[in-house]
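Trainee: I'd like to ask some things about the structure below.
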Amino acid sequence: MSSEEEEKRDWSELPAELLHLIAQKLPDLVDLIRLRVVCTVWRSSAPLSDPPHQLPWLLELFGRGPFSPLLRRKQRFYSLSSGETLTIPLKHKKLCNFIHGGVYSGYLPFNDYLERTISFFNPLTWDSFSLPPLCRRRSFSPWMVWTGTDPIRNRTIVVVDRNMRIANQVGKWALYDPSSNTCVENEGYFYQCCYWDGLFFSTCVHEPTQVFDAHSKELLQEIPPPEIESKENWSDEDNIARQLRKSYLVVSSGVILRVIWRHELVYGDKIPIEESVFYIYRLDFKRASGKSCWVRIGDIGDQILFLGEMNGFSMTARPNSRFRKGCIYFIYSKTNKPYMHDILAGTVERVPCPFEECTWFLPGL
(Lines of atoms letter the chains of each structure in order from A and count residues from 1; the text may use other names and numbers.)
(Lines give C-alpha, C1' and ligand atoms only; values in the text may rest on other atoms or scores of the structure.)
Protein backbone atom coordinates (compact mmCIF):
# COMPACT_ATOMS: atom_id res chain seq x y z
CA MET A 1 0.00 0.00 0.00
CA SER A 2 1.39 3.39 -1.02
CA SER A 3 1.71 6.33 1.34
CA GLU A 4 -0.97 8.15 -0.64
CA GLU A 5 -3.43 5.28 -0.18
CA GLU A 6 -2.53 5.18 3.52
CA GLU A 7 -3.41 8.84 3.92
CA LYS A 8 -6.77 8.38 2.18
CA ARG A 9 -7.83 5.44 4.38
CA ASP A 10 -10.93 6.13 6.43
CA TRP A 11 -10.16 4.64 9.86
CA SER A 12 -13.81 4.97 10.88
CA GLU A 13 -14.56 2.10 8.50
CA LEU A 14 -12.70 -0.46 10.59
CA PRO A 15 -14.97 -3.45 11.39
CA ALA A 16 -16.84 -3.07 14.69
CA GLU A 17 -15.67 -6.53 15.78
CA LEU A 18 -12.03 -5.52 15.31
CA LEU A 19 -12.51 -2.24 17.19
CA HIS A 20 -14.14 -4.07 20.08
CA LEU A 21 -11.25 -6.56 20.19
CA ILE A 22 -8.73 -3.70 20.24
CA ALA A 23 -10.66 -1.97 23.03
CA GLN A 24 -10.59 -5.12 25.15
CA LYS A 25 -6.77 -5.22 24.90
CA LEU A 26 -6.23 -1.68 26.19
CA PRO A 27 -4.30 -1.65 29.50
CA ASP A 28 -5.90 1.50 30.92
CA LEU A 29 -9.38 3.00 30.99
CA VAL A 30 -7.82 6.29 29.90
CA ASP A 31 -6.87 4.64 26.61
CA LEU A 32 -10.46 3.44 26.22
CA ILE A 33 -11.73 6.99 26.71
CA ARG A 34 -9.25 8.27 24.14
CA LEU A 35 -10.37 5.61 21.67
CA ARG A 36 -14.03 6.54 22.14
CA VAL A 37 -13.53 10.23 21.34
CA VAL A 38 -12.01 9.53 17.90
CA CYS A 39 -15.39 9.23 16.16
CA THR A 40 -18.96 8.00 16.56
CA VAL A 41 -18.23 4.59 15.03
CA TRP A 42 -15.34 3.94 17.42
CA ARG A 43 -17.42 5.11 20.39
CA SER A 44 -20.28 2.74 19.55
CA SER A 45 -17.83 -0.15 19.08
CA ALA A 46 -16.34 0.33 22.57
CA PRO A 47 -19.30 0.73 24.96
CA LEU A 48 -18.66 1.73 28.56
CA SER A 49 -20.83 -1.19 29.64
CA ASP A 50 -18.11 -3.58 28.46
CA PRO A 51 -14.77 -2.04 29.54
CA PRO A 52 -11.48 -3.94 29.27
CA HIS A 53 -10.14 -5.87 32.24
CA GLN A 54 -8.22 -3.37 34.36
CA LEU A 55 -5.16 -3.46 36.56
CA PRO A 56 -4.71 -1.13 39.55
CA TRP A 57 -3.31 2.36 39.58
CA LEU A 58 -1.47 4.02 42.44
CA LEU A 59 -3.45 6.78 44.14
CA GLU A 60 -1.36 9.64 45.49
CA LEU A 61 -1.94 10.53 49.16
CA PHE A 62 -1.13 13.73 51.02
CA GLY A 63 -1.13 14.61 54.69
CA ARG A 64 0.67 14.48 57.98
CA GLY A 65 1.53 10.81 57.92
CA PRO A 66 0.21 7.33 57.15
CA PHE A 67 -2.74 7.73 59.55
CA SER A 68 -4.23 10.94 58.16
CA PRO A 69 -3.65 11.26 54.38
CA LEU A 70 -5.83 13.52 52.28
CA LEU A 71 -6.86 13.97 48.65
CA ARG A 72 -6.60 17.07 46.47
CA ARG A 73 -8.95 18.79 44.05
CA LYS A 74 -6.64 17.78 41.22
CA GLN A 75 -5.81 14.23 42.20
CA ARG A 76 -2.90 12.32 40.68
CA PHE A 77 -2.87 8.64 39.75
CA TYR A 78 0.01 6.56 38.40
CA SER A 79 -0.44 3.65 36.00
CA LEU A 80 2.24 0.98 36.26
CA SER A 81 0.94 -0.58 33.04
CA SER A 82 1.68 2.49 30.92
CA GLY A 83 4.09 4.38 33.16
CA GLU A 84 1.84 7.43 32.84
CA THR A 85 0.89 9.89 35.60
CA LEU A 86 -2.72 11.08 35.32
CA THR A 87 -4.22 14.20 36.90
CA ILE A 88 -7.99 13.97 37.42
CA PRO A 89 -10.16 16.69 39.02
CA LEU A 90 -12.29 15.47 41.92
CA LYS A 91 -15.73 17.05 42.08
CA HIS A 92 -16.50 16.22 45.68
CA LYS A 93 -17.61 18.68 48.37
CA LYS A 94 -15.66 17.31 51.33
CA LEU A 95 -12.35 15.74 50.33
CA CYS A 96 -11.23 16.06 53.96
CA ASN A 97 -13.70 13.29 54.84
CA PHE A 98 -11.83 10.76 52.72
CA ILE A 99 -11.69 7.33 54.41
CA HIS A 100 -8.15 6.00 54.44
CA GLY A 101 -7.45 2.42 55.36
CA GLY A 102 -6.67 0.13 52.47
CA VAL A 103 -7.13 -0.39 48.75
CA TYR A 104 -9.98 1.05 46.71
CA SER A 105 -12.02 -0.38 43.87
CA GLY A 106 -13.87 1.89 41.48
CA TYR A 107 -15.02 4.35 44.12
CA LEU A 108 -13.37 6.49 46.80
CA PRO A 109 -15.23 6.39 50.16
CA PHE A 110 -16.04 9.43 52.30
CA ASN A 111 -17.37 9.62 55.85
CA ASP A 112 -19.89 12.41 56.57
CA TYR A 113 -19.68 12.82 60.33
CA LEU A 114 -22.64 15.20 60.60
CA GLU A 115 -25.05 13.24 58.43
CA ARG A 116 -23.69 9.93 59.75
CA THR A 117 -23.55 8.52 56.26
CA ILE A 118 -20.85 7.03 54.03
CA SER A 119 -20.73 8.12 50.40
CA PHE A 120 -18.82 6.80 47.40
CA PHE A 121 -17.39 8.81 44.51
CA ASN A 122 -16.02 7.58 41.18
CA PRO A 123 -13.18 9.95 40.12
CA LEU A 124 -13.48 8.96 36.45
CA THR A 125 -17.24 9.33 35.95
CA TRP A 126 -18.09 11.57 38.95
CA ASP A 127 -20.84 9.10 39.74
CA SER A 128 -21.70 8.89 43.44
CA PHE A 129 -24.04 7.15 45.86
CA SER A 130 -24.52 6.97 49.63
CA LEU A 131 -25.31 4.24 52.13
CA PRO A 132 -28.28 4.56 54.47
CA PRO A 133 -27.42 6.15 57.85
CA LEU A 134 -25.63 3.69 60.13
CA CYS A 135 -26.19 3.27 63.85
CA ARG A 136 -22.77 4.10 65.19
CA ARG A 137 -20.97 5.61 68.13
CA ARG A 138 -19.07 8.90 68.16
CA SER A 139 -15.69 7.26 67.57
CA PHE A 140 -16.83 5.38 64.49
CA SER A 141 -13.87 5.02 62.07
CA PRO A 142 -14.87 2.91 59.06
CA TRP A 143 -13.03 1.12 56.31
CA MET A 144 -14.24 -0.89 53.34
CA VAL A 145 -14.26 -4.60 52.56
CA TRP A 146 -14.87 -4.88 48.84
CA THR A 147 -16.93 -7.86 47.72
CA GLY A 148 -15.01 -8.28 44.48
CA THR A 149 -12.95 -6.44 41.91
CA ASP A 150 -16.02 -4.91 40.26
CA PRO A 151 -18.28 -3.33 42.90
CA ILE A 152 -19.37 -0.77 40.32
CA ARG A 153 -21.92 -3.21 38.97
CA ASN A 154 -22.32 -5.20 42.18
CA ARG A 155 -22.55 -2.65 44.95
CA THR A 156 -22.72 -5.16 47.78
CA ILE A 157 -20.34 -3.46 50.21
CA VAL A 158 -19.23 -4.29 53.71
CA VAL A 159 -18.30 -1.45 56.05
CA VAL A 160 -16.23 -2.30 59.13
CA ASP A 161 -15.56 -0.17 62.21
CA ARG A 162 -11.82 -0.47 62.78
CA ASN A 163 -11.86 1.07 66.30
CA MET A 164 -12.25 -2.39 67.83
CA ARG A 165 -10.54 -3.35 71.07
CA ILE A 166 -9.88 0.29 71.95
CA ALA A 167 -10.99 1.08 75.51
CA ASN A 168 -13.00 -2.17 75.43
CA GLN A 169 -15.29 -0.76 72.74
CA VAL A 170 -17.12 -3.15 70.46
CA GLY A 171 -16.70 -2.75 66.69
CA LYS A 172 -19.33 -3.04 63.98
CA TRP A 173 -19.73 -4.29 60.47
CA ALA A 174 -22.56 -3.49 58.10
CA LEU A 175 -23.59 -5.25 54.88
CA TYR A 176 -25.15 -2.93 52.32
CA ASP A 177 -27.86 -4.53 50.15
CA PRO A 178 -28.35 -2.48 46.96
CA SER A 179 -31.65 -4.14 46.08
CA SER A 180 -33.42 -2.82 49.20
CA ASN A 181 -31.03 0.06 50.00
CA THR A 182 -30.64 -1.22 53.56
CA CYS A 183 -27.76 -2.17 55.83
CA VAL A 184 -27.58 -5.27 58.01
CA GLU A 185 -25.42 -4.42 61.04
CA ASN A 186 -23.62 -6.64 63.52
CA GLU A 187 -21.39 -6.01 66.55
CA GLY A 188 -18.20 -7.73 67.62
CA TYR A 189 -14.42 -7.53 67.42
CA PHE A 190 -13.41 -7.35 63.75
CA TYR A 191 -10.01 -6.77 62.21
CA GLN A 192 -8.83 -8.30 58.92
CA CYS A 193 -11.97 -9.25 57.00
CA CYS A 194 -13.35 -10.41 53.68
CA TYR A 195 -16.75 -11.16 52.15
CA TRP A 196 -17.43 -14.20 49.99
CA ASP A 197 -20.58 -16.02 48.83
CA GLY A 198 -22.85 -14.43 51.43
CA LEU A 199 -20.38 -15.05 54.26
CA PHE A 200 -18.35 -12.57 56.31
CA PHE A 201 -14.89 -13.70 57.47
CA SER A 202 -12.94 -11.93 60.21
CA THR A 203 -9.61 -12.73 61.81
CA CYS A 204 -6.62 -11.28 63.63
CA VAL A 205 -3.02 -12.31 64.08
CA HIS A 206 -2.71 -15.64 65.97
CA GLU A 207 -6.51 -15.82 66.46
CA PRO A 208 -9.24 -18.04 64.96
CA THR A 209 -11.13 -16.95 61.85
CA GLN A 210 -14.79 -16.29 62.54
CA VAL A 211 -17.31 -17.05 59.79
CA PHE A 212 -20.69 -15.29 59.88
CA ASP A 213 -23.78 -15.53 57.74
CA ALA A 214 -23.73 -11.96 56.43
CA HIS A 215 -27.52 -11.65 56.39
CA SER A 216 -28.64 -13.47 59.54
CA LYS A 217 -25.45 -12.46 61.45
CA GLU A 218 -25.19 -16.02 62.82
CA LEU A 219 -21.70 -17.21 63.77
CA LEU A 220 -21.25 -20.39 61.72
CA GLN A 221 -17.65 -21.44 62.38
CA GLU A 222 -14.45 -20.59 64.21
CA ILE A 223 -11.48 -21.84 62.23
CA PRO A 224 -8.22 -22.34 64.17
CA PRO A 225 -5.28 -20.21 62.97
CA PRO A 226 -2.44 -21.76 60.95
CA GLU A 227 0.36 -23.33 62.99
CA ILE A 228 2.71 -20.46 62.20
CA GLU A 229 0.34 -18.14 64.09
CA SER A 230 -0.31 -20.46 67.01
CA LYS A 231 0.95 -19.08 70.33
CA GLU A 232 2.29 -22.50 71.26
CA ASN A 233 4.87 -22.21 68.47
CA TRP A 234 6.47 -19.05 69.84
CA SER A 235 9.00 -18.89 72.64
CA ASP A 236 8.14 -15.29 73.47
CA GLU A 237 4.39 -14.59 73.37
CA ASP A 238 4.95 -10.86 73.92
CA ASN A 239 6.59 -10.62 70.50
CA ILE A 240 3.97 -12.52 68.49
CA ALA A 241 2.01 -9.50 67.29
CA ARG A 242 5.16 -7.59 66.41
CA GLN A 243 6.77 -10.47 64.53
CA LEU A 244 3.59 -11.19 62.56
CA ARG A 245 2.85 -7.76 61.21
CA LYS A 246 -0.43 -8.49 59.41
CA SER A 247 -2.75 -11.36 58.64
CA TYR A 248 -4.84 -10.59 55.52
CA LEU A 249 -7.89 -12.39 54.18
CA VAL A 250 -8.12 -12.19 50.38
CA VAL A 251 -10.60 -13.79 47.95
CA SER A 252 -8.61 -15.18 45.02
CA SER A 253 -10.15 -17.15 42.12
CA GLY A 254 -13.04 -18.37 44.24
CA VAL A 255 -10.97 -19.39 47.28
CA ILE A 256 -9.96 -17.54 50.43
CA LEU A 257 -6.29 -16.96 51.17
CA ARG A 258 -4.77 -16.01 54.50
CA VAL A 259 -1.63 -13.99 53.82
CA ILE A 260 0.64 -13.51 56.82
CA TRP A 261 3.16 -10.72 56.52
CA ARG A 262 6.04 -11.02 58.99
CA HIS A 263 8.04 -7.87 59.59
CA GLU A 264 8.52 -5.10 62.16
CA LEU A 265 10.36 -6.05 65.34
CA VAL A 266 11.93 -9.42 66.00
CA TYR A 267 12.99 -9.54 69.65
CA GLY A 268 13.64 -5.82 69.68
CA ASP A 269 15.60 -5.51 66.41
CA LYS A 270 14.04 -3.77 63.44
CA ILE A 271 14.62 -5.58 60.15
CA PRO A 272 14.64 -3.96 56.67
CA ILE A 273 11.41 -4.09 54.71
CA GLU A 274 13.27 -6.06 52.02
CA GLU A 275 13.64 -8.91 54.50
CA SER A 276 9.90 -9.29 55.02
CA VAL A 277 8.57 -12.85 54.98
CA PHE A 278 5.15 -13.89 53.66
CA TYR A 279 3.26 -17.09 54.51
CA ILE A 280 0.26 -18.00 52.36
CA TYR A 281 -2.54 -20.39 53.36
CA ARG A 282 -5.59 -21.53 51.41
CA LEU A 283 -8.84 -22.12 53.27
CA ASP A 284 -10.12 -25.67 52.92
CA PHE A 285 -13.68 -24.59 53.60
CA LYS A 286 -16.17 -27.25 54.64
CA ARG A 287 -19.47 -25.48 55.01
CA ALA A 288 -21.57 -28.52 55.91
CA SER A 289 -19.35 -30.22 58.48
CA GLY A 290 -17.90 -27.03 59.93
CA LYS A 291 -14.41 -28.58 60.04
CA SER A 292 -12.55 -26.07 57.91
CA CYS A 293 -8.79 -25.58 58.10
CA TRP A 294 -5.89 -23.58 56.62
CA VAL A 295 -3.52 -25.35 54.19
CA ARG A 296 -0.06 -23.91 53.44
CA ILE A 297 0.63 -23.24 49.73
CA GLY A 298 3.86 -22.34 47.99
CA ASP A 299 2.59 -20.18 45.12
CA ILE A 300 -0.56 -18.53 43.76
CA GLY A 301 -0.22 -19.47 40.09
CA ASP A 302 -1.16 -16.70 37.65
CA GLN A 303 -2.79 -14.59 40.37
CA ILE A 304 -1.51 -11.26 41.70
CA LEU A 305 -2.30 -10.09 45.23
CA PHE A 306 -2.65 -6.40 46.11
CA LEU A 307 -2.52 -5.54 49.81
CA GLY A 308 -3.17 -2.22 51.52
CA GLU A 309 -3.37 -1.06 55.10
CA MET A 310 -6.46 -3.06 56.10
CA ASN A 311 -7.58 -5.10 53.09
CA GLY A 312 -6.60 -6.51 49.72
CA PHE A 313 -7.80 -8.14 46.52
CA SER A 314 -6.59 -10.56 43.85
CA MET A 315 -6.45 -10.37 40.06
CA THR A 316 -5.33 -12.58 37.18
CA ALA A 317 -2.09 -11.53 35.51
CA ARG A 318 -2.28 -10.08 32.01
CA PRO A 319 0.33 -10.55 29.28
CA ASN A 320 2.54 -7.58 28.43
CA SER A 321 1.79 -5.77 31.69
CA ARG A 322 4.33 -4.60 34.24
CA PHE A 323 2.69 -6.66 36.96
CA ARG A 324 4.26 -10.07 37.49
CA LYS A 325 2.15 -13.13 38.15
CA GLY A 326 2.64 -15.05 41.37
CA CYS A 327 3.64 -11.90 43.26
CA ILE A 328 2.31 -9.83 46.15
CA TYR A 329 2.17 -6.06 45.70
CA PHE A 330 1.78 -4.38 49.07
CA ILE A 331 1.81 -0.94 50.67
CA TYR A 332 4.15 -0.51 53.64
CA SER A 333 1.88 1.30 56.10
CA LYS A 334 4.61 3.29 57.86
CA THR A 335 5.64 5.05 54.66
CA ASN A 336 2.69 4.40 52.30
CA LYS A 337 5.15 3.24 49.64
CA PRO A 338 4.60 0.26 47.30
CA TYR A 339 6.68 -2.92 47.29
CA MET A 340 6.58 -6.22 45.44
CA HIS A 341 7.25 -9.68 46.90
CA ASP A 342 8.14 -12.47 44.49
CA ILE A 343 6.74 -15.56 46.20
CA LEU A 344 8.87 -18.18 44.44
CA ALA A 345 12.11 -16.18 44.60
CA GLY A 346 11.45 -14.99 48.16
CA THR A 347 12.60 -11.45 47.35
CA VAL A 348 11.13 -8.01 48.12
CA GLU A 349 11.82 -4.95 45.97
CA ARG A 350 10.53 -1.40 45.74
CA VAL A 351 7.90 -0.67 43.09
CA PRO A 352 8.81 2.43 41.03
CA CYS A 353 6.37 5.25 41.74
CA PRO A 354 6.60 9.06 41.41
CA PHE A 355 4.60 9.67 44.63
CA GLU A 356 5.88 10.05 48.18
CA GLU A 357 2.80 8.27 49.58
CA CYS A 358 0.19 6.20 47.79
CA THR A 359 -2.16 3.23 47.84
CA TRP A 360 -3.85 0.94 45.30
CA PHE A 361 -6.89 2.08 43.32
CA LEU A 362 -8.69 -0.10 40.77
CA PRO A 363 -10.29 2.21 38.16
CA GLY A 364 -13.74 1.56 36.79
CA LEU A 365 -16.43 3.22 34.69
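Cβ atoms here come from the backbone N, Cα and C positions, even for glycine.
In case it helps, TrEMBL gives these features for our protein:
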type: DOMAIN; residues: 11-46; note: domain 'F-box'
type: DOMAIN; residues: 77-331; note: domain 'KIB1-4 beta-propeller'
Trainee: Go through the chain and flag residues at least 6 beyond the ends of the domain 'F-box' (11-46) whose CB is under 8 A from any CB in it; none is fine as an answer.
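Mentor: Cβ under 8 Å, 6 or more out: 52-55, 79, 81-82, 84, 86, 124, 318, 320-321, 363-365.
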Trainee: What mean pLDDT does the predicted model reach across the domain 'KIB1-4 beta-propeller' (77-331)?
Mentor: 75
